Amino acid sequence: MAFRDVLDIEVAAGNGGDGSMSFHRAKYLEKGGPDGGHGGRGGSVILRAIEGVESLERLVGQRKFKAPNGAYGEGRLRQGADGEDLYIDVPVGTTAFDRDSGKVIADLVRVGQEKVIARGGLGGRGNSTFVTSTRQAPRFAELGTPGEKRRVRLELRLIADVGLVGYPNAGKSSLLAALSRANPAIADYPFTTLSPILGVVESADGEKRFTMADIPGIIEGASEGKGLGLEFLRHISRTRLLVYVLDVTRDPAEELRQLQTELRTYDPSLLENVALIALNKIELVDADLAAMVEDELAEFGLPVLPVSAKTGQGLPELRQALFDLLPDRELWARTHALEEEPEEVREEPLTLTFREDAPEKPGEAPERVWEVHGGGFEARIVRFARHLEDAAEYLSNLFKRQGLYNALKRAGAREGDTVEIGSFRFEYYADED
């Protein structure tokens, strides 16, 4: 399967089912009471991190995901079934961004972790809900609310315990193959590795293991998008321990400076990670030159381990050093997960706009109209769109309890003025407050 670590998708949660407007019917009962049931909740869209998946490629064929709607309520107080939640399985290390706001909406760093990224709509209430001592046969019910829709960008940042970073042809793939059971493409030319490759490294006694990633070779300017650029730097941010793989036959100290410059430019916190230096291809130089290079690298304050991926020299020591230095996985995950930004549920503030409409007949006074926006009133009107006339009394009492009439009075509304909320119009009476 091809490797893909960025994917744009669209998700839509299910709509809530409408409540039922129904009355009980029986053979010997001419006028039964209201018995409309509630609509079901719409299904939500949920991201779920699973094992055994290392790429977003499996989602490429389906870019749009829609959860089922809730079922309508029915008579005899039967509630509509909830829509099933839709799960999108992704690799551990997947981050989801809202493409419109750019905010982080999910960051899945553990197997089994879930996050709702589009919430299903609420089911509407049936007419049985609206019975009162003075309203014993309500001929209206509530509509379900729409499910959330979102444009989402998925970015995979592989969660490997150890990341091998270095310039092209430094021997990272050979080192990964020598230490683990991975089988990367290996050749003596740059950019053999074009996507991250994971391997599993076991301790000498086979009791412990960790994952190691061969990250594609860095070039100067990678943090600005040159070469493979951000396509691989993203994955380095997830590793608990960095191994700088340097070719002893080149200029290791200068290459390490450039590597750290690129990492610092992309994300300064990367240089705070636990790290060591694997001085590779040690079989190609004599002992004196190797010792001199080690002395030059001492200024960086990192452990230096001379190794040869080709002959196996120094590999047992490198393996043990990695096990000794690895930070605790759970503690690291808790402190390095991206912070999900809380959902903002902000209700638009109430605003009243006054206008005068031209009279229908010459000589008549213009119609005084108050437009109502915000305060949640428009959303409530929409939920009774099919039965606005029958629900007028209920809505009028609801708006009174929620302070609309007091707000109109303070704004200067007069007896008989028209109040307009979307398509719903009614007359204002001073005694309503």
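Cβ coordinates come from backbone N, Cα and C, glycine included.
Here is what Swiss-Prot records for this protein:
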type	residues	note
BINDING	166-173, 191-195, 214-217, 280-283, 308-310	ATP binding site
BINDING	S173, T193	Mg(2+) binding site
DOMAIN	1-159	domain 'Obg'
DOMAIN	160-327	domain 'OBG-type G'
DOMAIN	342-430	domain 'OCT'
Which binding-site residues sit within 10 Å of S173 (Mg(2+) binding site) - Cα, from P216, K281, S308: P216
DSSP three-state assignment for S173 (Mg(2+) binding site): helix
Site with most surrounding Cβ atoms, counting all protein chains shown within 10 Å, from the binding-site residues K172, K281: K172
Residue among binding-site residues N169, S308 with least C-beta crowding, 10 angstrom cut-off: N169
Mean predicted confidence [pLDDT] for the domain 'OBG-type G' (160-327): 83
DSSP-derived structure type at S308 (ATP binding site), helix or strand or else coil: coil
Secondary structure tally of the domain 'OCT' (342-430) (DSSP, helix then strand then coil): 32 helix, 22 strand, 35 coil
